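Just below is one structure, and these are the notes that go with it.
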């Protein structure tokens, strides 16, 4: 019986580090962000719908989607953001499900769905267990400023656009505290996976 793990966290909480640790343990990871990029490639159904709704001004000269431009259009406009989500989310969900079923058929011990907005997008029904990667608020802010070269104001706005991390922690089956070293994070992950009978 394959255990489907939903991996999530706050922005800049170090989720990709944990995602990589799963891969090193030979546990397949289905990454929602990668799929979200693939489903809007030129010629795909979601791409065509986006151009229909948002017009050609969200395209680059080569006809591919200009993601930063589209991002700035929807970031400050709730209605447009919801329109975009209505196009992209079903396409992402369908592709994640397709890959998940493939790994289940292969008889994998576990498969990870790496979904940054697992709770916000109401996708918990896709998974059996939820693992949240958490950090202290100050760590999160500093990491995001450094990683994306954001001002404190920009970083705070991005963090506040998501469900608060402490709320995600409350809803999790297990939590990894990612304030420490990589080794400490790895140890926590291994303990959780042993408790879930996924690794020996």
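Positions of Cβ are set from backbone N, Cα and C atoms, glycine also.
DSSP assigns residue 15 (ATP binding site) to a helix. The C-beta environment of residue 15 (ATP binding site), restricted to residues of the same chain at least 6 apart in sequence and closer than 8 Å, consists of 7, 8, 9, 114, 116, 133. The annotation ATP binding site is assigned in Swiss-Prot to 12, 13, 14, 15, 16, 17 on the grounds of sequence analysis.
Here the domain 'DPCK' (4-200) has a mean pLDDT of 95 out of 100. Annotation comment: Swiss-Prot describes 4-200 as domain 'DPCK'.
Counting only same-chain residues six or more apart in sequence, the Cβ atoms lying under 8 angstroms from the Cβ of residue 13 (ATP binding site) belong to 133, 134, 135, 140, 143, 165, 178.
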